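Taken straight from TrEMBL:
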type	residues	note
DOMAIN	3-96	domain 'Pyrroline-5-carboxylate reductase catalytic N-terminal'
BINDING	N54	NADPH binding site
DOMAIN	159-263	domain 'Pyrroline-5-carboxylate reductase dimerisation'
Amino acid sequence: MGTVAIFGAGVMGETLLSGLVRAGRDAGDIIVTERREDRAAELRAKYGVRSMANADAAAAADTLVLVVKPQDMGGLLEEIRDHLTPGSLVVSLAAGITTSYLQERLPEGTPVVRVMPNTPALVDQGMAAISAGSHCDEAHLAEAEQLLRSCGKVLRVPEKHQDAVTAISGSGPAYIFYVVEAMIEAGVLLGMPRSTSTELVVQTLYGAATMLKETGQHPTVLREQVSSPGGTTMAALRQLDDHKVRAAFLTAMEAAAARSAELASGND
Ligand SMILES: NC(=O)C1=CN([C@@H]2O[C@H](COP(=O)(O)OP(=O)(O)OC[C@H]3O[C@@H](n4cnc5c(N)ncnc54)[C@H](OP(=O)(O)O)[C@@H]3O)[C@@H](O)[C@H]2O)C=CC1
Ligand SMILES: O=C(O)[C@@H]1CCC=N1
């Protein structure tokens, strides 16, 4: 894979960087670029990687990984477009930014891969979906896959599904944390110390996620196993249905997908 340059090592960029280092990638083969020198210095000290200006990193890298906010992507592409080495691969992790957006702003024929990752990559449990641009061959896709596999699972999807992926697994961790927050608050409301409530909720989430993954059973079956006739779970689930929580999730994820579709147009 040669030299990898990560352009914009904020939350997601540093997550990928840390995954590459944990997976045994030589820090000498990784470059980061950052807008602020203090941030670049922090990353150099923490990971032993090099930092450079965007144009220099574009010239030095075999694989360019773009991890700036969608709103900063146009500016970044302008900075790097004249410095790419022919044959280098461009991988974008930005929500909403399409392969055509990237291809239109990069030299003709540049292979690009669009990726939607998520933050559990920080603990090697990421879920990334990748889609090929029109100048990509199997080797390019395999390279992007290898890059992302350093910190979790990777799935190939048609690009038309990337806005939905963004709504489900890209933003998904935030919905789960939101539900966790609400359940912890409920424990506090019911008179428990916050630390006890937190421990109960976090282990319940971990246990439920492990059951889903390890038993392979449908969530409906698993939910029914918890729901005794006339019992406590049904009393709670009825309230969730009365408050249209399922419908709220559908509407929320439709909104996330719609927002993803909007982002490449530069709407702030
Ligand atoms: N966070 C998440 O859960 C996920 C994020 N993503 C995608 O990842 C991308 C980054 O998101 P996230 O990491 O959360 O955002 P952050 O703001 O944490 O990181 C972006 C980083 O890029 C830097 N930056 C901006 N412009 C440039 C530039 N021209 N050259 C070099 N560095 C630059 C920013 O610097 P400064 O702070 O100085 O502006 C910042 O450090 C987004 O496109 C997002 O859609 C995808 C999936 C999940
Ligand atoms: O909120 C966002 O726009 C990014 C994309 C997916 C997760 N976070």
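Placement of Cβ uses the backbone N, Cα and C atoms for every residue, glycine included.
Keep in mind that TrEMBL annotations are predicted by a computer and have not been checked by a curator.
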Review point. Where does N54 (NADPH binding site) sit by DSSP, helix, strand or coil?
Key: helix
Exercise for review: Can you check which residues sit near N54 (NADPH binding site), meaning Cβ under 8 Å from its Cβ, same chain, 6 or more apart in sequence, and list them in order?
Suggested key: F7, T33, L76, E79, I80
Point to revise | Structural state census, the domain 'Pyrroline-5-carboxylate reductase dimerisation' (159-263) (DSSP three-state) | key: 90 helix, 0 strand, 15 coil
